[in-house]
Amino acid sequence: MLCSDGSKKLSFGGSIKDGDLVIVYEKRDVMKAVKVSETSVLQNRFGVFKHSDWIGKPFGSKVLSNKGGFVYLLAPTPELWTLVLSHRTQILYIADISFLITYLEIVPGSLVLESGTGSGSLTTSLARAVAPTGHVYTFDFHQQRAASAREDFQSTGVDSLVTVGVRDIQGEGFPDEYSGLADSVFLDLPQPWLAIPSAGKMLKQDGTLCSFSPCIEQVQRTCEALKSNFRDIRTFEVLLRTFEVHEGKIDSCQGEEGLSVRSPPCKRRHRSGEGSTMQDSSSSPTIKVRPCADARGHTGYLTFSRLQCLS
């Protein structure tokens, strides 16, 4: 995941090598993370896939099994890693992650403090956002969870951009060594208002803070705590709604009460050299668009604020 010259720049392209982590795409929404080993095989309902056949192929390749089935070999980008990692805790997904990275104004070279680490979904995306010269310091009170996250960061190649610490931020606050150095602070805690005084000390002047909470009561207490030293306090809920598009013929439409309502025929006159004919346009292809039934609903509230500048 690093450049050939050893610089801290993430790279998810290139060819697959022995020991690389690969995301195997089997079918829609079915993916798994596999570490490539020349002597190993992957077996699923599509057949047997030898890892030795993968080595040297570029990421994104389609490989065949002994039965003629196939899978795609994808690079472990932060987006894909979020979908396949083991959920040791509830994670943030792409809609929330992209939104908060933008509103926290995280750019290459930023120093970001995060608590808690959890499954590391957000941390992986933060690492790419601050690369190549920035750094993410993430903390979790659970020692085993922090150790598992550290292993995941090594697997995805972002360990040089992330430092994992074991610390109860709610009770102890952030380490004093980062005082006044952080560009941004992110809190994913049951009681984030307890960590806000410490977060304020860590931030540079005009630095940004974001707190993620699933319940509005948590948001209310957090906002009250922010009023003392922060400004521009805003809370958002990000709801992602996708649509399905199909082409077909519609002879009738479904009413609001579930009744079938037939559309009136529409006649169009088409002229030709031999005379005039009448054609029913209801037989022409129709585009059907509808919201996806499995759209993700509420995940949590994102509360943003900015540290007040000293007058």
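Cβ atoms are placed via backbone N, Cα and C, with glycine included.
Copied over from TrEMBL:
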BINDING   SER119, GLY120, SER121, LEU122, ASP140, ASP168, ASP188  S-adenosyl-L-methionine binding site
COMPBIAS  274-286  compositional bias 'Polar residues'
REGION    254-291  region 'Disordered'
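What TrEMBL annotates, mapped onto the structure for a quick look.
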{"residue": "SER119", "record": "S-adenosyl-L-methionine binding site", "Cβ within 10 Å": "21"}
{"residue": "GLY120", "record": "S-adenosyl-L-methionine binding site", "Cβ within 10 Å": "33"}
{"residue": "SER121", "record": "S-adenosyl-L-methionine binding site", "Cβ within 10 Å": "26"}
{"residue": "LEU122", "record": "S-adenosyl-L-methionine binding site", "Cβ within 10 Å": "26"}
{"residue": "ASP140", "record": "S-adenosyl-L-methionine binding site", "Cβ within 10 Å": "28"}
{"residue": "ASP168", "record": "S-adenosyl-L-methionine binding site", "Cβ within 10 Å": "16"}
{"residue": "ASP188", "record": "S-adenosyl-L-methionine binding site", "Cβ within 10 Å": "22"}
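Of the residues the record lists as binding S-adenosyl-L-methionine, namely SER119, GLY120, SER121, LEU122, ASP140, ASP168, ASP188, the two whose Cα atoms sit farthest apart are 20 Å from each other.
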